[in-house]
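Visitor: I'd like to ask you about the structure that follows.
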Amino acid sequence: MGPNTATAARIYKKHEYGYLSWERFNHVGALKTYSNDKQVPDSACSATALFSGVKTNIHTLGVHSTVKKADCDSSILKENHVVTLATLAQDAGKATGIVTTTRVTHATPAAMYAHSSHRDWECDTSLPYSASKCKDIARQLVEDEPGNNFNVVMGGGRQLLMTDPPSTPDDPIAEGIGTCKRVDGLNLIAEWTRRMEDKRVRFALPKNRKELLDLDTSKTDYVLGIFCNDHFPYSYKVNYSDTSVPTLEEMTTKAIKVLNNNKNGFFLMVEGGLIDQGHHIGKARIAVSETVHFSKTIKSTMELLEAAGILDETLVIVTSDHSHTLTISGYPNIGSSIFGLAGISKTDKLPFTTLSYAIAAKDNMKMRVVNGTLVREDPSKVDTTSYEYGTQGAAPNRVNVHGGSDVLVYATGPNAYLFHRMHEQTYVAEVIKYALRIGKYSPKPVPAEYHSSKSSKLMSSVILLIMVQLIFSLKKLM
């Protein structure tokens, strides 16, 4: 989510003079999002930068830049793997978790645990013959560290985790480009359950909103909540009920309560991934609406931390792994709908919308040929405020692509002051390591004679929130 998305969401929900929940945080910086090989990144390489502190190549996850896209042989070499924040936090005895409204194997959450030379290798049917030596991302989540040590995993993607998953009219099996369906006979959810039983730990497998809301977090240390076969449906399409998917807000608050059972603290990554998905299909109102839901999630998170008495001991970070090509232009009047019209073109004498994209998805090219002349669609003749309106765009493409602009990072709580200027995106990982005292910042053993009851406390929890793909980080002092 780039700055323009946040601005549009602010105007939509709060009007020009208002603020989104994270815009009141005390500290703000900016992040450069380029990857090792591209000026504009995808979510795999940018999330790797955020979660591992390493710039890598586009479409690759959790590997060094020596690994090129789709190079299976290089990606399986341990020396080419980067160490994630999740691994370091687990090594320090902290609880860890991921929450997303996309598939739990999608690029942003996968960067927390997977090592793959292609982000699309989410399940067995997405692996080409040349990658037969590689393990798909879903298997890495359940079978390998750090994925199999997560205390909380919540999101979508059931059809990637098990063969022949259940489906309903509201939750069909996803087909087509960008999807994956497991057919190798594995049931990774059942395998996860067996692992929990072998460890003799307290665990839960909520399958819908009611089961999640009924979850007794005081008696639960591990949660695998897979609520749909593919990505979550867009919020405006969901009639929230006992059998529906939960909201991002509900998943996040439950996750924090479970993770906070660990007295050594926790690290949680929360992604509002439907912001990104809305932009990719070129429907700005969907993306902006999902950003508002994301703002509600952060507000509830802050209220929960305060009620739990750990707000002052928690570092919360809100950022994005990349931007999009959404622009806000023209000279619309104050108080106008952000989804409305901004003015009249002096060239073709037709109105234009306030929001537009530089690269257009398939429904965004509003042009037609009339008497041999290319004519732009008159947006005043359609409902530009509709969720399903394809926001006008310039150059045509199958999907809307990412933007290369800097993104903002907001922080509040202990060590939030470390975000204060233009930073490399990899800097976020360094701040989290420092705040959690993990990795190279782990405290050295102190001789017994130096211990005292008044010794200073170390921060022990972090929540990282991501929009569009957004990251939330929380850290708590013990």
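Here the Cβ of each residue, glycine as well, is placed from N, Cα and C on the backbone.
Remember, TrEMBL labels are computer predictions, not curated facts.
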Visitor: TrEMBL has D276, H280, D321, H322 down as binding Zn(2+); which of H402, H420, H423 does it also list for that site?
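Guide: According to TrEMBL, the candidate sharing the Zn(2+) site with D276, H280, D321, H322 is H402.
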Visitor: Taking E249, E250, E271 as the options, which does TrEMBL list with H106, T108 at the Mg(2+) site?
Guide: E271
Visitor: Based on DSSP, name the secondary structure state of D276 (Zn(2+) binding site): helix, strand or coil.
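Guide: In three-state terms, D276 (Zn(2+) binding site) counts as helix.
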Visitor: At a 10 Å cut-off from the C-beta of H322 (Zn(2+) binding site), count the other C-beta atoms across all protein chains.
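Guide: The Cβ of H322 (Zn(2+) binding site) has 29 Cβ neighbours within 10 Å.
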Visitor: Which residue among the binding-site residues H106, H280, H402 has the fewest other Cβ atoms within 10 Å of its Cβ, if you could check?
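Guide: Ranked by other Cβ atoms within 10 Å, the binding-site residues H106, H280, H402 bottom out at H280.
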Visitor: Between T108 (Mg(2+) binding site) and H402 (Zn(2+) binding site), what is the CA-CA distance rounded to a whole number of Å?
Guide: 14
Visitor: Provide the three-state secondary structure of H402 (Zn(2+) binding site) computed with DSSP.
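Guide: SS state of H402 (Zn(2+) binding site) = strand.
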